[in-house]
């Protein structure tokens, strides 16, 4: 089963990706992981990517797509894969389709976890962690016994810069601008599965599993 997984920050995408990996026995593949693996392995494309990244540049689509093609040709992808964070643009989606078509494959389903923006803001902006031991909390769902103080070591709690409300809203805006055209693209190809991302982890897993057998 060849899958793509979309989801805004804070939607629980990592948890659901792991569910797909364990349920269907297919690897989760992210662009970042692929680039790092290619660089570490010293492949020709990995060497090119490393040179660009060292100079602070953006790795071109040609290199990224080459690395994607190499990764999808590996033995562990024989039964399928879960692409996470790729494609990011319509040209990348078109190129991915060509890569797969060349080996007689296609994207079977695109899973899009749908969570209201305000819910995401509440989830992420409420997160706190201990400045000393790193234990995580949430002001609403998992608060400390004493406000602002770690239950374990008594140190102060801090909020990550990424979890500040303004930052979260900006990340959501970027996500929507980036994925809205892709969702339309895959909807027109009748492979988009929009999954409500509100509920327990198990409930969301059940929705995904049901969508994949339709």
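We number each residue from 1, going along the chain as drawn.
For all residues, glycine too, the Cβ spot is worked out from N, Cα and C.
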Can you tell which of 88, 105, 127 Swiss-Prot lists as binding ATP with 10, 11, 12, 13, 14, 15, 199?
127
Output field, Zn(2+) shell: CB within 8 Å of site CB centroid, site 130, 133, 150, 153 dropped:
131, 132, 134, 135, 151, 152, 154, 155
Relative to the Cβ of residue 199 (ATP binding site), which residues of the same chain, six or more apart in sequence, are found under 8 Å away?
207
Can you tell me which parts of the same chain pack against the region 'LID' (126-163), counting only residues 6+ beyond its ends and a CB-CB cutoff under 8 A?
171
List the binding-site residues among 11, 12, 14, 127, 150 whose C-alpha is within 10 Å of the C-alpha of residue 160 (AMP binding site), in sequence order, or say none.
127
Give the three-state DSSP assignment (helix, strand or coil) for residue 59 (AMP binding site).
coil
I need the most crowded of these binding-site residues: 15, 31. Count other C-beta atoms within 10 angstroms of each C-beta and give me the top one.
31
